[in-house]
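Student: For 61-83, 95-113, 125-147, 153-173, 185-205, 217-239, the entry in TrEMBL reads transmembrane segment.
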């Protein structure tokens, strides 16, 4: 009988390989988890509520929107009974319609003017609504005192200029103030506010007309409203200018100044001379 011996070799466990695979798995899980959290945070940051909060924290935009809520309903409420007002002052229906057509013509023409004004160098976007609301304020204040046909035609043209310029710059001004990322939210808030103001402006103007029996007080109130809107636009423009000046650091200013090149007319050569200051 021959004994047989068997040597049992224990199974070798690759501890290092196991740790390495576990490490890779944990790293994969960590990277995927971080990516998921980052995506959720980015989605939350780009959400509607987050954009709405960001837009409402913009002081310049809030003041400009408040000015629009006052100015646009004021202009449209006056235009509702404009033909009746002209007939009340003694014009026949054909002449009243013609004067109203003059207003709409100038409104259509001057919807193109803000685009040309925006192309002027160093002209702030907030200057344009200031100009047109001031024109509207002066027009509404002087319309009750107009006597002749020529006076009314000039004032109707100025009123059309004010309406066309104020309404046209809403989209471009909103985009400049809130940025392209928050443009949809900003424009939606602005249009909603203007719509609410329009629903209130007409009844207020009609109530003043029925209470006083004339249109004079309605135009005076419209002039005051447009004056308040002009002041709000001026405040918004001043705040925007101040924020722009604060954001410019002295180092950047000196760097830009050092890199500037000026041509001197008193030097004998025609080259460009670089000045440090």
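The chain as shown is numbered from 1 upward.
Each Cβ is built from the backbone N, Cα and C atoms, and glycine gets one as well.
Curation plays no part in TrEMBL annotations; they are all automatic predictions.
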Student: Which sequence positions outside the transmembrane segment (95-113), separated from its termini by at least 6 residues, show Cβ-Cβ distances below 8 Å to it?
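Tutor: Distant Cβ neighbours of the transmembrane segment (95-113) are 79, 82-83, 86-87, 149, 152-153, 156-161, 163-165, 167-168.
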Student: May I ask for the residues of the chain that lie six or more residues beyond the transmembrane segment (153-173) and have a Cβ under 8 Å from a Cβ within it?
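Tutor: Tertiary neighbours of the transmembrane segment (153-173) are 64, 68, 71-72, 75, 78-79, 99-100, 102-111, 113-115, 118, 125-126, 128-129, 131-133, 135-136, 138-140, 142-143, 146, 187, 190-191, 194, 226.
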Student: What residues elsewhere in the chain lie close to the transmembrane segment (217-239), defined as a C-beta under 8 angstroms and at least 6 residues from its ends?
Tutor: 59-60, 63-64, 66-68, 70-71, 74-75, 77-78, 81, 124, 126-127, 129-130, 133-134, 136-138, 140-141, 143-144, 162, 204-205, 208-209, 211
